[in-house]
Amino acid sequence: MANHMQFGFQDASSPIMEELVEFHDHALMTALAICSLVLYLLTMMLTEKLSSSTVDAQEIELVWTILPAIVLIMLALPSLQILYMMDEINEPDLTLKAIGHQWYWSYEYTDFKDLTFDSYMTPTADLPLGHFRLLEVDHRVVVPMESLVRVIVTADDVLHSWAVPSLGVKTDAIPGRLNQTSFTATRPGVFYGQCSEICGANHSFMPIVVESAPLANFENWSSLLSS
């Protein structure tokens, strides 16, 4: 999870988030190269005398026309690849339905018969030692690690947004509409998120906690909860 004075992303815990972090670094390096080139040209213009031979040079005009197009292609190709990966969902191992309410989340495991629960933020007075204030919930979402999980997101009242940064997931919850996203947790752990759409007075008190566990542990948890 994030901490104070953190300037970068949270540690990636899904293939999609790893791709997003790599693309972010790639775009920043491209922007750094452009800024360095512009700074160098500005410095040369301020310190060197202008000559008529460089003002009308067709070679320079050709370069500053083609170079931006090459830069845009370098940014567009990996961006389109990531967008396609985020939108493609093939044969998920588990389907989870997340329903946003004011101000809590309801979850339904559609592959199981009676596995549904509500997830409320744990009040500060009831928070166990070592848990995170305003981020812990009374019922966590448990998913098997290294399994493709499809999340169907909707809302019961107003706009919400189901977002877990470590997993690279952020999907709007809209009343009367079903949106879907997917993720694959590559390691066991507990990942925290929050509602990312202003949804009323208690918008800040709708945390999301996803716990990734080995398949055997997930099966034990699901059997206990559904029994």
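Yeah, the Cβs are placed from backbone N, Cα and C, and that goes for glycine too.
Heads up, TrEMBL stuff is auto-annotated, nobody curated it.
Positions annotated as domain 'Cytochrome oxidase subunit II transmembrane region profile' by TrEMBL: 1-90. Positions annotated as transmembrane segment by TrEMBL: 23-42, 62-86. What TrEMBL lists as domain 'Cytochrome oxidase subunit II copper A binding' is 91-224.
Secondary structure counts, DSSP: the domain 'Cytochrome oxidase subunit II transmembrane region profile' (1-90) has 67 helix, 0 strand, 23 coil.
Model confidence over the domain 'Cytochrome oxidase subunit II copper A binding' (91-224) stands at 92, taken as the mean pLDDT rounded to a whole number.
Per DSSP, the secondary structure of the domain 'Cytochrome oxidase subunit II copper A binding' (91-224) breaks down as 19 helix, 63 strand, 52 coil.
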